[in-house]
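*Asks:* Below is the structure I would like to discuss, written out as structure tokens.
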Amino acid sequence: MATKASSILHPPNETEHTMSRITQEGKKLTYNLKVIQQPERARACGAGAKSSADRRPVDPPPVVELRVFESDLNDQHKTDITFSYNANFFLFATLEWARPIAHGRVQTQTPSCPVLTGVPVAGIAYLDRPTQAGYFIFPDLSVRHEGLYRLNFNLYEEMKEPKHADKGGLVPHSQNHMAPLTPSKPRSPHQFLHFRLVVKSVPFTVYSAKKFPGLAESTSLSRIVAEQGCRVRIRRDVRMRRREPKPNKDYGAYDDRRITPDPYPGTPVERPRSASNASMDDPYRYPTGPPQVQPSPDYGYHHPSHQQPSPNLAATPQSHLSFGAAPPQYHAPPPPPTAHPAPPPAYTSPHLGYTHTRQLSAGPEYDPHRQKYTQYPPPSPHSDIYDQSKSSLPMNPSVDHPSYPPMPYEQRMSDPKLYAPPSQLHPTQQYQQPTPPPPPPAAIAPHPPHQRTPTKPSPSTFFPPTPSRLSVEVDSSNEADDAILNAIRTRRGYILDEKSGATKRSRDSSDHDLKPLRNGQRPVVSGDEAAKGEIGETSGGSDDEIMTYRRADGRLVAKQRVSVHSKGKEVNIPRDVDLLPRRPEVCAVAE
């Protein structure tokens, strides 16, 4: 830095310069020119075709102050006549190298284009602030090439009054003598521009586009000048690039970002759902639930060693965005076993796998054998099947579902969402299950008197399978151990078509036209469509689990939309299953 500072010359007229002259009247006029705002930096704009489009001015804009004083020859009684002096002033800026350059013997070619560009001329502006004086402002000066330069400001004056002319010099003509008498004759000029003095700025650096540090915030002097009507660009934000040492990069225009991502606000984590489903369920659809029926030893098996808090009267349906997440509420236990023939050899149900997030709440009926599978008291009834429109997203079997780890035995036994109430299934859709020890009559007699739909059958009423029907039998030898198997069997393992249509979901009205139609379903108004080969919707089935359609060859095909897990093993469910068109009254999802 010492070598660099020593190589730069400091002329006597740097920053401030003064000159004096004697007028025709013997008065002494003194011109004081001072650079009150020095240029500090600039960006080289180049000399190409696009140099004028992307041009950075010298920052900050140079401001030069002019003051004119009048005094006698002895330099006494000096008076500031800047505002009263009648003359025109303008300042012309030129550019020069800050370091002296030794010229070689070979004559170098002059540059084809000027290095300084922009508006190098400024007229005087008489301002009151910061002090009463004349100011020259250069807001649009640019340099084409990088280097270390300084600006030269040359003051020119155009006199208007003869008394202000130099002593012994040319006197400017008055306005009445300006009209030429003989226009065809050449004449000497009547108006003159007089060079008064020059002042130099301090050296400033012109950077390349890669190393330019950016524009700084506008100075207070620029703001003061702009407030008084001068055209100066005011920058209220700092645009200086924060330069940091880059050992392996020499590109100054890089942003100061790092590999670490910016702390943008991410997607907010879903907060836990409220324990109340008052905003989810229709308040006019279900009546207020009766008091809960507490388990007692007379109603079945009881576990006095495990006392769990009773669930809420209204269970909250699980969000359709949280797949496989266990809700904090307790749900209904599995349905009671019924008297059916003994099952054939073990049959693996294809409907094991994906755990639905659909809320299945308990019906009003109470069965003592539910205590065999869980120790939680059943919640109050409000719906046999959660509203299909609020159910989980339809699962396409072609999409591979992520495998979930198997649940422990204690978690499966205590997970209430795996059990479904008996009121959500139609009696004709019950699976075949081995007959447990029959309960005493006194245990079956007490039931809550509340019934939502008159047409809903009692859970103890079940039709035994007839030889004319196809039934899918499931090995239930490990039903107490496999809670997922029980949940899947209670959700329906096959489809039965009902001709009469008298028994429907309790949430639907008695009219078939009010039933929602989804996924290409068709309304079933009577049993005639079943005779024609049309498969109706299952009364207890889910609208988004099984879809029936007819192929081009006339075959009726059902597509299963779910896939579940059983004991940590994924069970693949066939995508397309042919239904038997010869028996439209009962169709099973056959393997």
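Positions of Cβ are set from backbone N, Cα and C atoms, glycine also.
What Swiss-Prot shows for this protein is this:
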| type | residues | note |
| --- | --- | --- |
| REGION | 1-22 | region 'Disordered' |
| COMPBIAS | 13-22 | compositional bias 'Basic and acidic residues' |
| DOMAIN | 26-235 | domain 'Velvet' |
| MOTIF | 40-45 | motif 'Nuclear localization signal' |
| REGION | 238-547 | region 'Disordered' |
| COMPBIAS | 245-260 | compositional bias 'Basic and acidic residues' |
| COMPBIAS | 306-321 | compositional bias 'Polar residues' |
| COMPBIAS | 330-347 | compositional bias 'Pro residues' |
| COMPBIAS | 386-395 | compositional bias 'Polar residues' |
| COMPBIAS | 422-433 | compositional bias 'Low complexity' |
| COMPBIAS | 434-448 | compositional bias 'Pro residues' |
| REGION | 452-493 | region 'PEST' |
| COMPBIAS | 494-516 | compositional bias 'Basic and acidic residues' |
*Asks:* Any residues 6+ beyond the ends of the compositional bias 'Basic and acidic residues' (13-22) with a Cβ under 8 Å from its own?
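*Replies:* Those are 28-35, 38, 73, 150, 166-167, 196-202, in sequence order.
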*Asks:* Looking at the motif 'Nuclear localization signal' (40-45) alone, can you tell me the average pLDDT?
*Replies:* 90
*Asks:* For the compositional bias 'Basic and acidic residues' (13-22), what does DSSP give as the number of helix, strand and coil residues?
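*Replies:* Per-class counts: 0 helix, 8 strand, 2 coil.
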